[in-house]
Amino acid sequence: MADMPDSKNSHVSTISQKTPHGILYGPITATLFRLALPTVVVLVVQTFVGVAETYFVSFLGTEALAGVTLVFPVLMLMQMMSNGGIGGGVSSAVARAMGANRHADADGLVWHSIVLATAFGAIFSVAAILFGPLLYRSMGGTGETLRAALIYSGIVFAGSIPIWITALLSAALRGAGNVNVPALVIISGAFLLLVLSPLLIFGWGPFPELGVAGGGAAVFIYYLIAALVLALYLRSSSSPLKFKIVPLQGRLFKDILGVGLPSAVGTIQVNLTVTFVTAAVGHFGADAIAGFGIASRLDYLQIPIIFGLGTAIVTMVGINIGAGQIERARRVAWVGAGIAFGITQTIGILATLFPMTWMRLFTADPDVQQLGSQYLQIVAPAYGAVGLGLALYFASQGLKRVLLPVLAGTVRMILAAFVGWASVIWFQEREPCDENLPRQFRLPAPPRHPELDGACEARPH
């Protein structure tokens with residue numbers, strides 16, 4: 001009797017040429033770097049554009065700059081949810097469909113992604129209108145600062161749907177192994193924004209002087225054009241996916257949201273964790289906040305590297321899982337995690353050994369330098385663990401198993417809040433009586449109560 005073909009190998013051999021060969025059979029490390037590099041470049045360019053936008057607005061005065069600054073955290077949260085949260089779900093679903101040779105499903109996921117982008121974008125637009133004034137007031141916005149925040153927010157979040165569509169269509173293409181087109185579209189649009197933003201803010205020739213509204217309009221136009229270009233590309237013959245309207249199916253929404261919703265919760269947890277820690281640090285005074293802020297910038301500068309590598313891990317793991325190559329998917333996850341660990345731990349070792357080199361780039365205040373250096377000497381040695389954990393989190397997206405990473409993020413958030421505030425209470429209680437307590441942990445002196453004089457002497461040591 002002739003040998004029957006192995007079902008798994010037969011399945012892999014039938015995979016369409018739409019799936020890049022290197023993802024299934026090529027060297028893992030080289031393929032990861034090839035997929036990651038364009039996304040890293042995109043994130044670096046977007047970071048630069050954000051700085052440039054802030055620079056342009058700064059010429060309008062302190063109130064305008066402060067108003068735009070109030071909006072940025074909300075805008076960043078939306079971008080994190082659309083790219084790393086729901087976008088991660090889209091990439092994972094498309095990758096698994098492509099790997100399993102389910103190209104009709106992969107194409108259908110494009111339309112389902114647009115529907116989800118429209119829904120989530122509309123939610124953010126309505127929320128900004130209804131709750132924006134209350135939120136920005138609670139963040140300290142008053143007078144002209146609040147007015148600038150509401151103007152900028154109103155225009156930017158009116159474009160929430162194009163922002164979400166750009167993010168999810170880019171995620172779909174990355175999931176199919178095409179990282180170059182999203183990178184090209186977003187980088188080209190970023191340079192357009194660099195030109196358009198000052199033209200609309202300050203006015204020039206036929207362009208009206210719109211002030212802070214011009215900055216918001218430039219962002220709106222940038223994402224609108226990017227969304228249209230990506231949609232047109234997905235209608236072309238060169239796209240690995242095809243954008244076409246299909247009947248909506250619950251199982252395809254489930255494929256996306258089963259990974260995307262928990263991942264979106266994870267992005268919210270990250271923001272809440274940072275908020276809790278920052279609030280705790282704030283109790284130790286302005287120097288502590290400044291030192292923490294400067295030192296923690298090094299944490300954030302690693303995000304483009306890890307996110308770029310992470311999107312490559314999602315794609316490779318998802319496609320190999322779909323193709324039934326479980327062992328290769330596992331190797332991809334651990335190789336990616338090893339690369340992430342190596343990069344972040346190297347940064348951590350350098351920051352631990354030479355913390356003042358980083359701090360002196362941003363401040364000449366010796367107190368702020370000392371506090372920031374202490375942060376780096378405590379936190380930076382663990383950078384490798386952070387990189388390792390994030391890489392495995394992205395691998396879990398490709399595997400469609402994100403519950404445990406989200407639970408781990410919940411524990412991290414609770415620990416950060418509990419330990420942070422326990423530290424505040426501990427040092428607040430000790431400070432009045434402990435002359436040996438380091439000065440940086442001393443809180444502003446509370447009102448003096450004569451009836452408590454001598455309490456420190458009576459307290460046991």
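Each Cβ is built from the backbone N, Cα and C atoms, and glycine gets one as well.
Values in this document were obtained by computation on a predicted structure and should not be read as measured data.
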What range among 78-101, 438-461 does TrEMBL describe as region 'Disordered'? 438-461
Positions on the same chain near the transmembrane segment (181-204), where near means CB under 8 A and six or more residues out: 38-39, 41-42, 45-46, 48-49, 52-53, 56-57, 59-60, 166, 169-170, 173-174, 210-215, 217-219, 221-223, 225-226, 229-230, 233, 239
Taking the transmembrane segment (23-49) as the first stretch and the transmembrane segment (301-321) as the second, find out whether 3 or more Cβ pairs fall under 8 Å, excluding pairs closer than 6 in sequence. yes
When you scan the chain for residues with a C-beta under 8 Å from the transmembrane segment (55-77), skipping those not six or more beyond its ends, what do you find? 128, 135-136, 139-141, 143-153, 156-157, 197-198, 201-202, 211-212, 215, 267-268, 271
Non-local residues, at least 6 beyond the ends, that sit with Cβ under 8 Å of the transmembrane segment (374-395): 88, 266, 291-292, 295-296, 298-299, 302, 306, 309-311, 313-314, 317, 332-333, 336-337, 339-345, 347-349, 351-352, 355, 358-359, 402, 405, 408, 440
Outside the transmembrane segment (301-321), six or more residues from its ends: residues with CB under 8 Å to it: 19, 23-24, 28, 31-44, 47, 83-84, 88, 91-96, 98-99, 171, 174-177, 179, 328-329, 332-333, 336, 339-340, 343-344, 347, 383, 386-387, 390-391, 393-395, 397-400
